[in-house]
Amino acid sequence: MSSLLLFNDKSRALQADIVAVQSQVVYGSVGNSIAVPAIKQNGLNVFAVPTVLLSNTPHYDTFYGGAIPDEWFSGYLRALQEHDALRQLRAVTTGYMGTASQIKILAEWLTALRKDHPDLLIMVDPVIGDIDSGIYVKPDLPEAYRQYLLPLAQGITPNIFELEILTGKNCRDLDSAIAAAKSLLSDTLKWVVITSASGNEENQEMQVVVVSADSVNVISHSRVKTDLKGTGDLFCAQLISGLLKGKALNDAVHRAGLRVLEVMRYTQQHESDELILPPLAEA
């Protein structure tokens, strides 16, 4: 009779630099399905915690899956601590969340985790919706972000629409967007990266605005017309990777934007509807 082998030696536990909490698809390149390989290309280790598990994005003619049950979700988080797999943890990132209850569970886990990791970087991408689609998450998620995750985050990466929802302010011009972002800053929340600020349509530019208490930096990139999904998830993966590799915030944002453009163009060259990662020149 065979006996079950138990891995009880926690000194042998696999360690990660980042825990990435967001969506996962079986087919496609969104959420952790693009973030994890992008982070690994940067030479960092990552644990992926799914919030929803889907066959693909809803942009296909068939679509299956849904939110991870709370019991499973909390268990995924708890298991990382039970296995002593977080000794070297440096950052937690969040993307698409399936339910408001997941946000509350995650916030409780992060609060406890920070007691052992006081320097932990928490970066929140408050995925709520966009100008074209409006809110495409459950209606109680914006308040859950405000109540539970924003007070824990050091940095957030909303688009213009999400910034408006979180602050209740109109952000359709640069000055109002900057003012809204500054209204969110606190002793904990040190910076806001607005990922779709008003750009120059005539010059085919888009702007990313980095807002902190003492500075505002506007970074312009070429605009690529595309229907590709997952570019925001890729941007956040590149941003957190750059920060953990020692890049200053503005430099990390700039490099993340350039990498997203590179990936989009590479994907278009290969005539794919899903992002394809080319080799990273500098790991």
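Placed from the backbone N, Cα and C atoms, the Cβ positions cover glycine too.
What Swiss-Prot lists as substrate binding site is Ser23, His59, Asp233, and the listing cites sequence analysis. Shown in sequence order, Asp227, Lys229 are the residues of the chain, 6+ apart in sequence, with a C-beta less than 8 angstroms from the C-beta of His59 (substrate binding site).
The Cβ neighbour count for Glu162 (ATP binding site), using a 10 Å radius and every protein chain shown, is 25. According to Swiss-Prot, the feature ATP binding site maps to Asp125, Thr157, Glu162, Thr195, His221, Ser222, Arg223, Val224, Thr231.
Take the CB of Tyr136 (Mg(2+) binding site) and look out to 10 A: across all protein chains shown you find 12 other CB atoms. For Tyr136, Glu162, the entry in Swiss-Prot reads Mg(2+) binding site.
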Inter-residue Cα distance where the pair is Glu162 (ATP binding site) and Tyr136 (Mg(2+) binding site), in Å: 11
Largest CA-to-CA spread of ATP binders Asp125, Thr157, Glu162, Thr195, His221, Ser222, Arg223, Val224, Thr231, angstrom: 22
Euclidean distance between Cα atoms of Arg223 (ATP binding site) and Ser23 (substrate binding site), Å: 26
